[in-house]
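Feature annotations, courtesy of TrEMBL:
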- 28-51: transmembrane segment (TRANSMEM)
- 31-312: domain 'ABC transmembrane type-1' (DOMAIN)
- 71-92: transmembrane segment (TRANSMEM)
- 144-163: transmembrane segment (TRANSMEM)
- 169-188: transmembrane segment (TRANSMEM)
- 250-276: transmembrane segment (TRANSMEM)
- 343-577: domain 'ABC transporter' (DOMAIN)
Amino acid sequence: MSATTILPVASGRVTVATFWRNLRRCPLLAWASVVTSVAASGAAVVVPILLGRLVDLVVAGGSVDALLATSAWILGAGLMAAVLTGASRWLVTEWGMRACADLREEVLDRALRMDSARLESAGSGDVASRVTGDVEQVADSIRLAAGIFTALVTVVITFAGFATLDWRIALAFLIVFPVHVLSLRRFVPRAKRLYAAEREAAAVRTQSLLTTFTGARTVHAYGMAQRQGQRVDGASRNAVTARLRAVRGFLWFANMMNYAEAIGLTAVLLTGFLLVRAGESSVGDVTAAALLFHRLFGPLGMLLISFNDVQSAGAALARLVGITGLDVPESRARAGDRPAGGIGAKAIGHHYPGGPTVVHDVSVEIAEGESLAVVGESGAGKTTLAAILGGVFPAAEGEVLLGGRPIADLDPAELRRTVGVVTQEVHVFAGTLADDLRLAAPDAAEEQLWEALRLVGADQWVAALPEGLHTRVGEGDHPVTPGQAQQVALARVALLDPPIVVLDEASAEAGSAGARQLELASAALVRGRTAVVVAHRLTQAQSCDRIAVMAHGRIVELGTPEELVAAGGRYAELWAAWQR
Ligand SMILES: Nc1ncnc2c1ncn2[C@@H]1O[C@H](COP(=O)(O)OP(=O)(O)OP(=O)(O)O)[C@@H](O)[C@H]1O
């Protein structure tokens, strides 16, 4: 599967327009960059022209004073050019970096707000490679862009320098351009294709690596290590092949550039020789022209070679801008909007991309304040149904109503205030525990954080941490157990204080003592709310108002715990076995 076919890549026009918009956000830096670059190039062009004068002075047997004065001017112009070039590089880099930082923020913002169904079908590898590799590539290219900008100004100013010399020598120099134009015309469209293919192959490689690592347990469990290894191998080989193709294309172009320069310098020197012989030009003018031309090698080469990196950075930039253009629903809700009420599921059906139907025609009404436990064998579809009811992703078929309103009509902010979801994948984010909790309620006072922790029974172990709430937790910092991570996730929901909660196996991760603790935490969170609880422990199901038993994606039994036990069906069997 090609991951890049799913998330959009911006067109060239949109990419340029977006980056230009970001560049224009710093007008002062922009002007300072242009002015210093022009001044730096101007000073640098003066040097070869003065050197030409020096040659003429020597040929004409000029005075020592005149020679010294010209030399002093050359020295001054050289020093000024060096200082101004440094300043302009710094300014241009700063300008570009700011534009790039703005873009990176936009991309991250969009990526984080992207709806999970889209993220799932695109594959997190594509998003990951965009917000890491592509962002880095664009950021690296900013230094290059600064070089390109200065080179461009140098080329323009050097041309102006040529105008002060014999026009026929300048004309001879123009011979390089047809060669450059022809090779660019052949190289540019090819490079565009080659670099886009290279980035796509890299994204597929990232995707295949990510799925291998995230699914490591499954890979081991099914003895798929070798097959999965071959898959990653294949993706890596494709990425290397794509890179080599791009490099080969570039080498051809670099060769053409060398030919053009050799032809150009020969033409300038030959024309100069003929003009001097005919007495129509001075040796000094020809020297200045040759030096100017030689000065152009660097910037001109830089501009042309950069086409290579510009193409590559352009491909990365287009992938970033593609994400900034994604439609993410803006919040229309006012603070405090919170459609309370129950949950209504009407004929819900679902399948994962390319997979079979895993939830079939599920309809269930959960009244306001009522709790529904969902039980069933592994793979019965409990997690999928809970995720749909909690608005984690939309159902492929049917409709979910929250407080009588279709879930699709709620914007993300409203949805978050309405339903609190704890999934099986709880995560403790790097930072202090207080920061982690405040992800749910940024303005929560410390006392509110403690209250939430008390509700889920986490206050004691948090108080025992070296710096309490201000202890840094997560990877590389103070470790937390899976059970503690689940308590933190539950405390975040408590802070959100939503009228509806969806808890998916919040007690499954813990050992038996911790499991009881988590069960109590979930029960405290469920109290007074409409709740869906995916329960592996039947004691948890027993404490809910009603229980839905799922099998093969369908609800096969639905009723109060007493009704189901009395009915003597599947649940009664499970309950009897559980009590033994
Ligand atoms: N992200 C996914 N992509 C593809 N298939 C999936 C995905 N998540 C679940 N499935 C499949 O959907 C079916 C239902 O899975 P689900 O996780 O909803 O069941 P469950 O009853 O919650 O199981 P468990 O108790 O093991 O979590 C299973 O066959 C599972 O393999």
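Including glycine, each Cβ sits where the backbone N, Cα and C put it.
With respect to Cβ pairs under 8 Å, the transmembrane segment (169-188) is most closely packed against 250-276, considering the stretches 71-92, 144-163, 250-276.
The highest tally of CB pairs under 8 A with the transmembrane segment (144-163), across 28-51, 71-92, 250-276, is held by 28-51.
Sequence-distant neighbours of the transmembrane segment (28-51) (same chain, 6+ residues past either end, Cβ-Cβ under 8 Å): 70, 73-74, 77-78, 80-81, 84-85, 87-88, 91-92, 94-95, 98, 149-150, 153-154, 156-158, 160-161, 164-165, 287-288, 291-292, 295. Listed by sequence, the residues of this chain that lie at least six past the ends of the transmembrane segment (71-92) yet keep a Cβ under 8 A from its Cβ atoms are 29, 32-33, 36-37, 39-41, 43-44, 46-47, 50-51, 54, 145-147, 149-150.
In the predicted model, the domain 'ABC transporter' (343-577) has a mean pLDDT of 86.
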